[in-house]
Amino acid sequence: MKEWLKISCLLCVFGFVREIRPSEPYVTEYLLGPWRNITEQQLIQDVYPVGTYSHLVQLVFVFLITDFLRYKPLIITIGAAGVIIWSMLIWTTSLLSLQILEFFYGTYMAAEVAYYTYIYAKVDKKYYPRVTSHTRAAMFAGKLISGITSQLMINLELMNYRQLNYITLATQILAMLWAFGLPKVDKSLYFHREVLEESSTAPPSANQLQMEPDAVSQQIRSPQVESAPMHLLWQHFHNAYTNPRVIQWSLWYAIGLAGYLQVTYYMQVLWKVIEPEPQIAWNGAVDAVLTALAALSALAAGYLHSGRLRPKTTLLVLSVLSALEGGSVLICCWTNDIYWSYVGFVIFGALYGFTITVASAEVARNLQEESFGLVFGINTLLALVFQSLLTIIVVSETGFELSPVDQYAVYAFYFIAVALIYFISVLVEHLWQRGSKQVHAKSECLE
């Protein structure tokens, strides 16, 4: 087996195992069940927001140290944080312990950036598209297996909501142990670059000395300049975010991700409001179907988008899909039938899988350097800022403290507003370009 494929497979095993968390579709059912003595209001206002804020704050630090620590320690941290989280879910009962484990959940999610960027430091650039698809597919597969497993265990009455946590704990232990076996990263993009190529570390040869002194000096010094981490970070940041297209698509990515995180984070609470005591909660099956459709729509986006759509057409398509995302969220909350809410959530997930894939591809297409990790890390950080603002405004006591149904109405109109803003921007850009062409044509006629 080729070395790049071997490394990809090793990382994919970690991603697959980590995503097998059958307790997650039922975490709200578990926390509001007889095993914990907390209310729905405490869960919404005192527990879940801690995870959101923790994720935001820790991502700043994780983002800075991932490259410095060369990825692998952060991947091990993901597994270790998972072990802590599900151990505390099983063997603690207080509200404070829930808030502490939400802090570790922030660590668990923030360190995920190492999983996505590790492979880029280990394989040649020409394999990037393939290894990216491998790592994404592994996570989708794990999540699909997780949803099916949880639903079967509940329907067949083999386990209750609490016992599902034992399976999740076992997979997190396995993922952590597997992470120790991943190959070390010898060099990274910013902090551990090769300072000098082998040819430039040796003293200048006679032929080199015949060159202009400045040229020899530049040949020897330039790799060292490139290896200065902060200089290179700033250069990549500046080149990316002075590009209007990168800014445009980065905003779309961040706004879309923020809305998706908020919708998925509190959906189980909404279902609990619609159906307080379900005979059978189909959360696991819904997660499985949503994962399968999101994977298919992401593949479809990659096929349809690659070179087939112009930028303005792409924006128009995504504006329509964003409006449909808002409509599907309205289906989730403006119904008293839990099954219609399930349908709305599945449609939302499938549409999101398409839009986020297109936005990611557009960001990557407009980047000049190998700065994918940097740009997507910053975009994710921006998404978490938006998500935290949504939480403060909509959920917290300092904000409007809306009911779950009203919260989801806000999230729905959030996506609809995004669609309108981008539709108007496309229209304005089109009119401006049309006007410019007419002015140019008139000036040519006058000449």
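Each residue, glycine too, has its Cβ placed from N, Cα and C.
Heads up, TrEMBL stuff is auto-annotated, nobody curated it.
Residues annotated as transmembrane segment in TrEMBL: 73-91 (among others). Taking Cβ pairs closer than 8 Å, the transmembrane segment (73-91) reaches residues 14, 18, 23, 27, 30, 62, 65-66, 97-98, 100-101, 104-105, 107-108, 111-115, 118, 162, 165-166, 168-169, 172-173, 175-180, 182 in its own chain, all 6 or more past its ends.
The transmembrane segment annotation in TrEMBL covers 103-121 (among others).
What TrEMBL lists as transmembrane segment is 133-154 (among others). Taking Cβ pairs closer than 8 Å, the transmembrane segment (133-154) reaches residues 8-9, 11-13, 15-26, 115-116, 119, 160-161, 163-164, 167, 280-292, 294-295, 298 in its own chain, all 6 or more past its ends.
Sequence-distant neighbours of the transmembrane segment (166-183) (same chain, 6+ residues past either end, Cβ-Cβ under 8 Å): 7, 10-11, 13-14, 17-18, 20-24, 72, 75-76, 78-80, 82-83, 85-87, 90, 118, 122, 149, 153, 159. Taken from TrEMBL, the feature transmembrane segment covers 166-183 (among others).
What TrEMBL records for 251-268 (among others) is transmembrane segment. Within the chain carrying the transmembrane segment (251-268), a Cβ under 8 angstroms from the stretch's Cβ atoms is held by residues 25-29, 44, 48, 51-52, 283, 318, 322, 325, 329, 332, 345, 348-349, 352, 355-356, 359-360, 362-363, 376, 379-380, 382-387, 390-391, 395, 404, 407-408, 411, 414-415, 418, 422, all 6 or more beyond its ends.
Residues or ranges marked as transmembrane segment in TrEMBL: 280-303 (among others).
TrEMBL lists 315-336 (among others) with the feature transmembrane segment.
What TrEMBL records for 342-361 (among others) is transmembrane segment. Tertiary proximity for the transmembrane segment (342-361) is limited to same-chain residues at least six positions away from its ends with a CB under 8 Å from its CB atoms, namely 249, 252-253, 256-257, 260, 263-264, 267, 271, 282, 286, 289-291, 293-298, 300-302, 305-306, 314, 317-318, 321-322, 324-325, 328-332, 335, 376.
TrEMBL lists 373-396 (among others) with the feature transmembrane segment.
Under the heading transmembrane segment, TrEMBL lists 408-428 (among others). For the transmembrane segment (408-428), the residues of the chain that approach it from at least six positions outside its boundaries are 252, 255-256, 259, 262-263, 266, 270, 312, 315-316, 318-323, 325-327, 329-330, 332-334, 390, 394, 402, judged by C-beta separation under 8 angstroms.
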So which of 280-303, 315-336, 373-396 has the most C-beta pairs under 8 Å when paired with the transmembrane segment (103-121)?
373-396
Residues of the same chain, at least six outside the transmembrane segment (280-303), with any C-beta under 8 angstroms of its C-beta?
22, 24-26, 29, 136-137, 140, 143-144, 146-152, 154-155, 268, 271, 342, 345-346, 349-358, 361
